[in-house]
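Each remark here refers to the structure printed beneath this line.
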Amino acid sequence: MTENKCPVTGKMGKATAGSGTTNKDWWPNQLNLNILHQNSQLSNPMSKDFNYAEEFKKLDFQALKVDLYMLMTDSQIWWPADYGNYGPLFIRMAWHSAGTYRVGDGRGGGSLGLQRFAPLNSWPDNINLDKARRLLWPIKKKYGNKISWADLLILTGNCALESMGLKTLGFGGGRVDVWEPQEDIYWGSEKEWLGDEREKGDKELENPLAAVQMGLIYVNPEGPNGNPDPLGSAHDVRETFARMAMNDEETVALIAGGHTFGKCHGAASPSYVGPAPEAAPIEEQGLGWKNTYGSGNGDDTIGSGLEGAWKANPTKWTMGYLKTLFKYDWELVKSPAGAYQWLAKNVDEEDMVIDAEDSTKKHRPMMTTADLGLRYDPIYEPIARNYLKNPEKFAHDFASAWFKLTHRDMGPISRYLGPEVPKESFIWQDPIPLVKHKLITKKDITHIKKKILDSGLSISDLVATAWASASTFRGSDKRGGANGGRIRLEPQKNWEVNEPKKLNNVLNTLKQIKENFNSSHSKDKKVSLADIIILGGCVGIEQAAKRAGYNINVPFIPGRTDAIQEQTDVKSFAVLEPKEDGFRNYLKTKYVVKPEDMLIDRAQLLTLTAPEMTVLIGGMRVLNCNYNKSKDGVFTNRPECLTNDFFVNLLDMNTVWKPKSEDKDRFEGFDRETGELKWTATRVDLIFGSNSQLRAIAEVYACDDNKEKFIQDFIFAWNKIMNADRFEIK
């Protein structure tokens, strides 16, 4: 075989598979369907039948914790521990793993082990956490498949806290590693690290972001955009922590508790620091930020640029942080690295901080601008002073907030694994009552289905209600879904997308069926309204398929229970309200983001693939499930009949589409020959004929020999959504 040389220059070509100008380069606004096909088995080194939960059960949990405790003080020559203790470093590692979570879309957080991959492994705020993970490698190697990286990062943070004197609330395992960066997470649009193009108006942060600058976990420790303004910093802190689902008390507890330990590193100019892991030379083997100042570690370490510890005894749980914060006046200085920070004035000997490497040296305590926000902000200050007066409350509240921080993205407590799962449940976990009764049998299901069929509710009412109940699910943080029946509670029952008046009528009818069944059976057998809502959707689809000439059975698994209002945090659930739902052709208002992009975003949160999303859209349209009974996209003359008409008519070349509005958000389809108006549509409808990938899928379902395939695929995708939150049956 001859080498691939240029016949003119004789030089080798540079092209390799996957290189060259991409479609995204040519068409930057192209619909990104890749986010619907992440984490396939092709990128996963584990076998298809690998079950992490089963492997975790084999873990010697206590032996692992002993090894982690020992690691805390096992200082390594290649990265010496500050004060001889890695605990503070591991707390930061765990915090920064979990702290990327944002409540707006449920993405980020520690449940996937994303800190191992770009961009997080190379964020400026994560400088030197590559060393923390590398210190953990011998333990990960020892326990192997029995503990995921995602679980290990969080558990190590717990052990660090415990080893330094804090009683934690517990630990729940069950975080399953992914094996590639996640493309669905929007980290911002800035092209430079620490860029801040995400705020508008009165420092209103762009949704769903929860950090003020690109590459930060929360806020700039020097102050807003590096301006040492404590009150301005407190504003940023409040905004970012709220977007992580933390209130003011939890925020103060987390900051004060976290800064009880360890120190910041800014020994010299950042110019001594090399590239982050993703850009580091191959010989560095995944480590980054190589420091050429002095020894490159220990007292010569360069990290955030700030330098020093917050209090004396930085490896012990004490009240020293709050005591120091309020005891002293503070002077603004610049660290050796040139970063703004604050040093205590006239420090008593007992509050001086021993050097991290040389015990003969002492330093004044330091505070960041964000720390001083806790002292001077009118809301944070009394909370912090109250904690100073009540050490037990402070320890309890920090432990509670830490547990929430590290478990917020794991979903219901039923997913937690291990011997340290707290018995107590918390409202932020969206608790659902346990099943304490016999479940309905196949015979009962047949009986209830007949009652639903005879109730007078339409096919579209039944299907739309089931969809409204189940489609709140988010695969990101495992929240939402049909279990709990919260569609009948605040705030969901009054969401605009759910058409409250119509919803109330449907729920009242289904509730009566539930009550009649339960009252006519023994107390140990019951059916929940949550189950009946989903069963109603099954009935609707079966009837629609029957009208199309197919007798099919939609799978149904009972076992859902009904939560009560007291178990439902209205403010917390408000973030689940759909601002758009392309499956119901709903858009609350006009947005900068195109409706078709919002559809892809929602489909990804629902864990749908592109074919599943496509078949669901086609089915929901012909089932007449649009918001407010809109006719947009209902490309059929036989609504509530489960046919492939949506695809057949969308791809019909006898239809000419024209924008109905200047902004091209609605369209009209005219007969090419007669000019007669045939259909109306939204961008969400027409994207399935416009986008080349989606059109290819739509063509499959429009084929004459795929009518039954369409029905079967629709039922499969439908069932996936109806059971998305049924972790106990997976």
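In case you wondered, yes, glycine gets a Cβ from its N, Cα and C as well.
Residues or ranges marked as active site, proton acceptor by Swiss-Prot: HIS96. The C-beta environment of HIS96 (active site, proton acceptor), restricted to residues of the same chain at least 6 apart in sequence and closer than 8 Å, consists of GLN115, ASP125, ASN126, LEU129, ILE217.
When other Cβ atoms within 10 Å of the Cβ of HIS259 (heme b binding site) are tallied across all protein chains shown, the result is 26. Positions annotated as heme b binding site by Swiss-Prot, on the basis of sequence analysis: HIS259.
Every protein chain considered, the tally of other Cβ atoms within 10 Å of the Cβ of ARG92 (site 'Transition state stabilizer') stands at 23. Per Swiss-Prot, the feature site 'Transition state stabilizer' maps to ARG92; the stated evidence is sequence analysis.
A Cα-Cα distance of 10 Å separates HIS259 (heme b binding site) from ARG92 (site 'Transition state stabilizer'). According to DSSP, ARG92 (site 'Transition state stabilizer') sits within a helical segment.
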